[in-house]
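**Q** Take this structure, written in structure tokens, and hold onto it; I'll ask about it next.
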Amino acid sequence: MEKAFRPHFFNHGKPDANPKEKKNCHWCQIRSFATHAQLPISIVNREDDAFLNPNFRFIDHSIIGKNVPVADQSFRVGCSCASDEECMYSTCQCLDEMAPDSDEEADPYTRKKRFAYYSQGAKKGLLRDRVLQSQEPIYECHQGCACSKDCPNRVVERGRTVPLQIFRTKDRGWGVKCPVNIKRGQFVDRYLGEIITSEEADRRRAESTIARRKDVYLFALDKFSDPDSLDPLLAGQPLEVDGEYMSGPTRFINHSCDPNMAIFARVGDHADKHIHDLALFAIKDIPKGTELTFDYVNGLTGLESDAHDPSKISEMTKCLCGTAKCRGYLW
């Protein structure tokens, strides 16, 4: 497969190359990313002759869909910290909703850290154990802040941290692995896609030939949803991210009942809580070449009882993760 694309690259680099064909080329889409030279994405198939869906498009940021409400500019605000170091402490406005640190890693002075990441030593830049275990939301600084792009509280904003390889598995379609070691607590990448309304998500489910299959690619942005919220953007039905036809490499990550990564809600500008990022962090050390996985249905209950109900089992989707902790069914 890799050899077959060498002339493909060459032809797309010619002045008379077909622009439409180049635009729809997965390899050209990947090569256009600013991070490609340092953190390349590769596609490898050593199992069969399958190719990625030609209708799929690689993107490096989520796309806001039709009728998706966005916060008014007057509600947007960033921190006014005098230095990047200030963005680790309770005085940083971006961290107002983070719980103060209370472990042995806390600042030795009077100020308490609310910062989600370790700030020094071998764990610098990794997600703190407290946050990793609780899966509480992560609040970061952003482009509207006074701090620099090197601020230690802009981990997710700076983007993917490792090269990734999309590969063909023996029995689960495409999967993703990393050619370098990943540390526990390390940010890997975001789950990207088209951000759509709940009504549009339901319409797409209804139009899908296999509704349950569509759910594999739809993720609700419901971390902050609250029908009693005074913020109308949070009181309504949550938006959803559809990664089926436009996404990044994480779209191809498979499910596991014993995963090595987990999704965290990451907030930049607090006015954008309803369209928060879905950030993937390693929850254990991941040796290079290991398939990356996360739990598609983390927190879902009732699967075991449904699996023993003859009226429901025929509609359930079998899990193929093959781990010792496999629940038997995805949903």
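Glycine residues also receive a Cβ, built from the backbone N, Cα and C atoms like all the rest.
What Swiss-Prot lists as Zn(2+) 2 binding site is Cys79, Cys94, Cys141, Cys145. As annotated by Swiss-Prot, Zn(2+) 1 binding site applies to Cys79, Cys81, Cys87, Cys92, with the evidence given as experimental evidence. Marked as Zn(2+) 3 binding site by Swiss-Prot: Cys87, Cys141, Cys147, Cys151. The S-adenosyl-L-methionine binding site annotation in Swiss-Prot covers Arg172, Gly173, Trp174, Asp215, Tyr217, Arg251, Asn254, His255 and rests on experimental evidence. According to Swiss-Prot, the feature Zn(2+) 4 binding site maps to Cys257, Cys319, Cys321, Cys326, an assignment based on experimental evidence. Marked as domain 'Pre-SET' by Swiss-Prot on the basis of sequence analysis: 77-159. As annotated by Swiss-Prot, domain 'SET' applies to 162-297. For 315-331, the entry in Swiss-Prot reads domain 'Post-SET', with the evidence type sequence analysis. Residues or ranges marked as site 'Interacts with H3S10' in Swiss-Prot (evidence: experimental evidence): Thr209. Feature annotation from Swiss-Prot assigns site 'Interacts with H3R8' to Pro227; the stated evidence is experimental evidence.
Please situate the listed features within the shown structure.
**A** The C-beta environment of Cys141 (Zn(2+) 2 binding site), restricted to residues of the same chain at least 6 apart in sequence and closer than 8 Å, consists of Gly78, Cys79, Cys81, Cys87, Cys92, Cys94, Cys147, Cys151, Asn153, Arg154, Glu157, Gly268.
Mapped onto three states, the DSSP output places Cys87 (Zn(2+) 1 binding site) in helix.
Within 10 Å of the C-beta of Tyr217 (S-adenosyl-L-methionine binding site) there are 18 other C-beta atoms, taking all protein chains into account.
DSSP assigns Cys321 (Zn(2+) 4 binding site) to coil in the three-state reduction, outside any helix or strand. Residues within less than 8 Å, Cβ to Cβ, of Cys321 (Zn(2+) 4 binding site) and separated from it by at least 6 positions along the same chain comprise Asn254, His255, Ser256, Cys257, Asp258, Thr293.
Broken down with DSSP, the domain 'Pre-SET' (77-159) shows 17 helix, 6 strand, 60 coil.
Of all the Cβ atoms in the protein chains shown, 8 others lie within 10 Å of the Cβ of Pro227 (site 'Interacts with H3R8').
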**Q** So, by DSSP, how many helix, strand and coil residues make up the domain 'SET' (162-297)?
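**A** Going through the domain 'SET' (162-297) residue by residue, I get 29 helix, 44 strand, 63 coil.
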**Q** If I restrict to non-local contacts, at least six residues apart, and a C-beta distance under 8 angstroms, what lies near Cys145 (Zn(2+) 2 binding site) in its own chain?
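**A** Same-chain residues close to Cys145 (Zn(2+) 2 binding site) (Cβ under 8 Å, separated by 6 or more) are Gly78, Cys79, Ser80, Cys81, Cys87, Cys94, Cys151.
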**Q** Which of Arg172, Arg251, His255 has the fewest nearby Cβ atoms, counting only those within 10 Å, among these binding-site residues?
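**A** Lowest Cβ count within 10 Å among the binding-site residues (Arg172, Arg251, His255) is Arg172.
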**Q** For Cys79, Cys87, Cys94, Gly173, Asn254, listed as binding-site residues, tell me which one has the smallest number of other Cβ atoms within 10 Å.
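**A** Each of the binding-site residues Cys79, Cys87, Cys94, Gly173, Asn254 was scored by Cβ atoms within 10 Å; lowest is Gly173.
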